[in-house]
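What Swiss-Prot annotates here:
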ACT_SITE  ASP190  active site, proton acceptor
BINDING   ARG43, GLU49, HIS50, ASP52, ASP190  alpha-D-galactose binding site
BINDING   GLY143, SER145, SER146, ASN233, LYS234  ATP binding site
SITE      ARG43  site 'Transition state stabilizer'
Amino acid sequence: MAAEDPATRRVQVAEHPRLLKLKEMFNSKFGSTPKFYVRAPGRVNIIGEHIDYCGYSVIPMAVEQDMLIAVEPVKTHTLQLANTDPLYPDFSTTANNICIDKTKPLWHNYFLCGFKGIQEHFGLSKLPGMNCLVDGNIPPSSGLSSSSALVCCAGLVTLTVLGLRLSKVELAEICAKSERYIGTEGGGMDQSISFLAEEGTAKLIEFSPLRATNVKLPSGAVFVIANSCMEMNKAATSHFNVRVMECRLAAKVLAKHKGLQWDNVLRLEEVQSKLGISLEEMLLVTEDALHPEPYSREEICRCLGISLERLRTQILTPNTQDELTFKLYQRAKHVYSEAARVLQFKQVCEDAPDNAVQLLGELMNQSHRSCRDMYECSCPELDQLVDICRKFGAKGSRLTGAGWGGCTVSLVPADMLSSFLASVHEAYYQGNTSRLAQEKHSLFATKPGGGALVFREV
């Protein structure tokens, strides 16, 4: 049952090499022993890209890679953070005065998001300090949600230190909201799957209210992650937040066109819901109401009957106020068609026809085309990698995560896995020194993993 608390598992640390190594490093760093450990997984989104923040369902699964944190509560009010990776410097601050710097999304700020989210949810003014050592094996900026996994892990760490309880759903909602402290206007998928994931199954994640339903993936095929080795730091770029705003503006213009009260409309799903029509019908409305040419700020103002000042101060966010044009038609087309593909994907998984793998693969291919052409969130390296994956046997391949770099996910018949991995290695990684150096963490088959939990030593 997804509404329960995150699990607590009692373990013999000596029997788990990664926990044991983390315990030893913690002792070396802080001169003491961790009281507990928390892990939160990364995720791969199988289908449903850039639609969670528009109100639509998505189908992700947790990967086996995760963020793992060793924790010791301390009597002082000092929060001390360290990382097993020397690339990420130590950080220390007072637990009662958390400041998150949006301008520089340094690693510790993601921890602070989760910490502050719990603090604000309970309205706490004084929090205990803690020593934390973080160990992550999710490739950063790869589209596998390493940053959200750290936010979720920090939220559960803080909750556990305080001795308080929340359900997985509540934690997911708090962490989704608190990640926005760093300036990323995400929709909640990453945090939801990190908490609600169950081993062996993907999940249909629905929003408002948040709920997760099992999606049984077909036997005889596996999902393979391949990293393009092009990093995209979501919070450090305006691409992502501009797309969020384009979807919001498209929703408002569509609502106005259909005679709806548009002022409070924020998501494309709200327009469909208010009109009470199907996704296919929403695509026809989009064709009728919006044009493919980019909209200037002045044209948007004319469509909505508002002043440029009102658009700038009441609708545009600080990080989109300098944009001169917005592609409303393309973004709405992607969102409504992708939302329909998610439902079709789930239906194929439920019906389990003989050609299920073929059908699911085609939906993934359609998704990538839409991400590339309508949402414009791909890049040449991702497109090349998708083509290579299809050439060597993937029934479907698409970018996963925000895009503009990061990973692809491919649906590969199980009996072709070995030859597929060897061929993709040769075609994409071999011969490129920087890609080859990262390949160990860049090309792997994965299966649905479990969600966030707490480890306590026996």
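All residue numbers here begin at 1 and follow the chain in the order shown.
Here the Cβ of each residue, glycine as well, is placed from N, Cα and C on the backbone.
Neighbour counts were taken at the CB atom with a 10 A radius for the binding-site residues SER145, SER146; the maximum falls on SER145. Looking at ARG43 (alpha-D-galactose binding site) and GLY143 (ATP binding site), their Cα atoms lie 8 Å from each other.
Sequence-distant contacts of GLY143 (ATP binding site), defined as residues of its own chain at least six apart whose C-beta falls under 8 angstroms from its C-beta, comprise MET232, LEU399, THR400, GLY401, ALA402, GLY403, GLY405, GLY406, CYS407. Taking the Cα of SER145 (ATP binding site) as the reference point, the closest of the recorded positions GLU49, HIS50, ASP52, ASP190 is ASP190. On a Cα basis, ASP52 (alpha-D-galactose binding site) lies 10 Å away from ASP190 (active site, proton acceptor). If you measure from the Cα atom of GLU49 (alpha-D-galactose binding site) to that of SER146 (ATP binding site), you get 17 Å. Neighbour counts were taken at the CB atom with a 10 A radius for the binding-site residues ARG43, HIS50; the maximum falls on ARG43. Here the Cα atom of SER146 (ATP binding site) is found 17 Å from that of HIS50 (alpha-D-galactose binding site). A count of other CB atoms within 10 A of each Cβ picks out ASP190 as the most crowded of the recorded positions GLU49, ASP52, ASP190.
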